[in-house]
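Since the structure comes first, as structure tokens, the remarks are kept for the end.
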Amino acid sequence: MPVLYGIAAATASFLLAALLAGLLRAPALRLALLDRRRRRPVPLLGGVAVVLVTGLVAWAGDGTGVVPLGPAVGRLLVAATAVGALGLAADVWRLRRRWVVAGSAVAAACVVPYEVTGPVAGGLAVVWIALVAAAFQGLDHADGVAGTVGVVTAFGVAACAAAEVMDALAVLLSVLAAALTGFLLHNWHPARVALGACGSLFAGFLLAGAAVFTRAGHEPGTGAGVLFALTAVAGADAVLVLLSRRLARRPPLRSGPDHLAHRLRRLGLTPPGAAVTLGLASFCGVLVGVLVHTGWAGRVAVLWVAGGVVVAVAALSRVRVYGPAGRARSVDREPSRATGVGPAASSRGAIFPVRQTRSSEKVQVSAPLRVRNG
């Protein structure tokens with residue numbers, strides 16, 4: 001019964017998320033809830049669709065008694081929803097990143113199974129969950145990246161949960177993966193809606209908390225390696241950004257075009273190509289994590305993932321993304337217009353372009369022209 005319900009729940013989540021993400025685009029435009037860091041502003045309410053659909057389908061299964069969530073998984077879903085609400089507040093009021101991380105840590109402290117992990121490992125798990133949630137928020141910097149990595153990670157953690165006979169957790173993660181897939185229909189390049197802090201924090205928190213649940217009670221060293229492999233791409237992106245900003249003497253929390261997808265774009269990849277590349281990298285790390293968790297591979301396999309992360313960070317850190325004095329460069333340059341209007345031109349000049357004189361033409365007016373409206 002859980003298998004059949006899981007298929008039905010995933011199908012419903014996919015369809016509902018795709019529908020709701022499209023419907024929320026218009027309200028986001030009217031309310032000016034836009035991600036202005038990209039080449040063109042993108043509405044930010046796509047994450048609300050993922051949160052609502054995941055919670056609705058999961059609680060429907062719990063309410064009907066088909067797949068009861070249980071106290072632990074129920075607390076995890078409630079805490080993840082609260083973190084998603086905090087992310088929505090960050091989208092609306094531009095909360096500082098430190099408050100978002102602190103709120104995620106408080107929520108994580110309420111769901112970690114200390115009776116199984118112990119106080120020390122439980123405290124480390126709280127910090128790790130909060131950092132992974134923040135790292136997933138950073139992945140929402142390009143079209144399709146956060147959704148693709150989230151889907152791959154959700155399936156991997158669901159496989160670990162199924163191996164531990166945690167049916168409720170496995171179904172919840174499959175519902176999340178399906179909701180993110182439905183959202184990707186609108187987030188693939190060119191994106192019509194973005195995940196925002198709401199959806200990225202929700203997905204990152206839920207995935208990290210579920211991974212901790214699956215590894216609770218196992219050997220701590222191997223568990224840390226599995227958790228690292230499952231979230232290797234998000235961790236690599238965070239390390240790369242912090243390292244490059246440190247070397248460029250930029251504030252660590254100032255946004256800029258210095259993430260993984262930005263650097264892959266500078267190497268010549270298209271936006272879909274960058275998203276697919278990061279999805280494949282995430283699949284490799286997740287596959288190693290699942291194999292180590294299930295005992296099909298030794299813990300040494302995690303070292304291959306760590307080596308790949310080190311090589312990728314070292315190689316991509318050499319891609320120039322900052323201009324003189326640490327100023328960020330634009331990843332997507334506007335194509336040159338026939339009117340010759342540069343990026344520094346005023347809005348009046350962009351609306352009323354002045355025709356450029358050619359060498360074969362005589363300059364008939366030497367003084368600057370004054371254009372008056374009306």
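Glycine residues also receive a Cβ, built from the backbone N, Cα and C atoms like all the rest.
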*Identify the transmembrane segment range according to TrEMBL, selecting from 144-162, 163-181.*
144-162
*Distant-in-sequence neighbours of the transmembrane segment (44-61), which means Cβ under 8 A and at least six residues beyond its ends*: 5, 9, 12-13, 16-17, 20-21, 24-25, 27-28, 33-35, 67-69, 77, 81, 84, 87-88, 91, 171-172, 175-176, 179-180, 182-183, 186-187, 193-203, 206
*Same-chain residues near the transmembrane segment (193-213), Cβ under 8 Å, at least 6 residues beyond its ends*: 21-22, 24-25, 28, 33, 35, 38, 42-51, 54, 72-73, 76-77, 79-81, 83-88, 90-91, 100, 104, 107-108, 111-113, 117, 125, 128-129, 132-137, 139-140, 146-147, 150, 153-154, 157, 160-161, 166, 169, 172-173, 176, 180, 183, 186-187, 226-227, 230-231, 234
*Rank 6-24, 120-137, 225-244, 301-319 by Cβ pairs under 8 Å to the transmembrane segment (273-295) and hand me the top one.*
225-244
*Hey, which bits of the same chain come close to the transmembrane segment (225-244), Cβ under 8 Å, at least six residues off its ends?*
128, 131-132, 134-136, 138-139, 149, 153, 156-157, 160, 204, 207-208, 211-212, 215, 252, 258-260, 263, 278, 281-282, 285-286, 288-289, 292-293, 299, 302, 305-306, 308-309, 312-313, 316-317, 321-322
